[in-house]
Ligand SMILES: Nc1nc(=O)c2c([nH]1)NC[C@@H]1CN(c3ccc(C(=O)N[C@@H](CCC(=O)O)C(=O)O)cc3)CN21
Ligand SMILES: CC(C)C(=O)C(=O)O
Ligand SMILES: [Mg+2]
């Protein structure tokens, strides 16, 4: 089966069919999610927090990202694979932005890239799209601006902020982005934006009026507790499952109950005889 693409996203919005997206950072998880039928896999720079243990996403490099994007691409058979551009990989010049976006396509095999911001990164988005690389926008809470925002806070609550968000969403549409992630934006504003543009909005903490939803997979599976944003729904509690399994394994190794005979390999008795 061919992978889902930019046109799939646009058709889904036109038909009113919701788009599903989850983050994935490694082969085995990406394979499970792809087999389960998720529409798109995002290698988020949130991997800096969930996979690498940083406090925010600012330390993540192109090399960190490429390593994980390559692993996810190997697993994806039907989902669209989107690589998140890390801090500083698209902020300097349009040329640098194209070359870095291009590495995700050429070296890693991603289908599209995502980057944060509106007016401030307009020329970079234009240049990447001119190079025929599909771009997913990202507005609202843009974690790479954490030091400007003074923390991970809901965005677009004031009239000025809300107007800016609406204008930026229209700008991204006009530049040719194939969708926009709306992160931590009031639900009614996100709905208004979704209705005002023809490209899909993918919400995270932005309510049910968006055209699709994205969450961080560790949050969905209940295996990362350094953060607990209000917008997360935990669909499984793997923290408990993983810790119970770990404790059971350790107990059985200590007691000698594991491994059992069925977990072992045999040697011919005649060979053994010669060794004695
Ligand atoms: N595991 C994980 N999940 C995420 O959703 C996520 C990451 N990591 N890393 C990158 C960013 C950071 N994100 C965050 C982190 C914290 C909040 C948070 O605590 N928000 C408050 C809202 C505060 C306010 O009222 O302004 C909340 O209560 O949800 C939100 C988004 C979303 N992203
Ligand atoms: C939460 C999503 C949208 C993201 O940007 C990430 O995982 O890095
Ligand atoms: Mg990100």
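Heads up, the Cβ atoms here are built off N, Cα and C, so glycines get one too.
Together with 45, 116, the Mg(2+) site in TrEMBL holds one more listed residue from 64, 84, 211, 219, which is 84. Highlighted in sequence order, 44, 46, 57, 60, 85, 86, 87, 114, 115, 138, 143, 144 have their Cβ within 8 Å of the centre of the Cβ atoms of 45, 84, 116, the residues recorded for Mg(2+), and are not part of that set. Across the residues annotated as binding 3-methyl-2-oxobutanoate (45, 46, 84, 114), the two Cα atoms farthest apart lie 13 Å from each other.
When the binding-site residues 45, 46, 84 are ranked by how far their Cα is from the Cα of residue 116 (Mg(2+) binding site), 84 comes first. Cα of residue 183 (active site, proton acceptor) to Cα of residue 84 (3-methyl-2-oxobutanoate binding site): a span of 14 Å.
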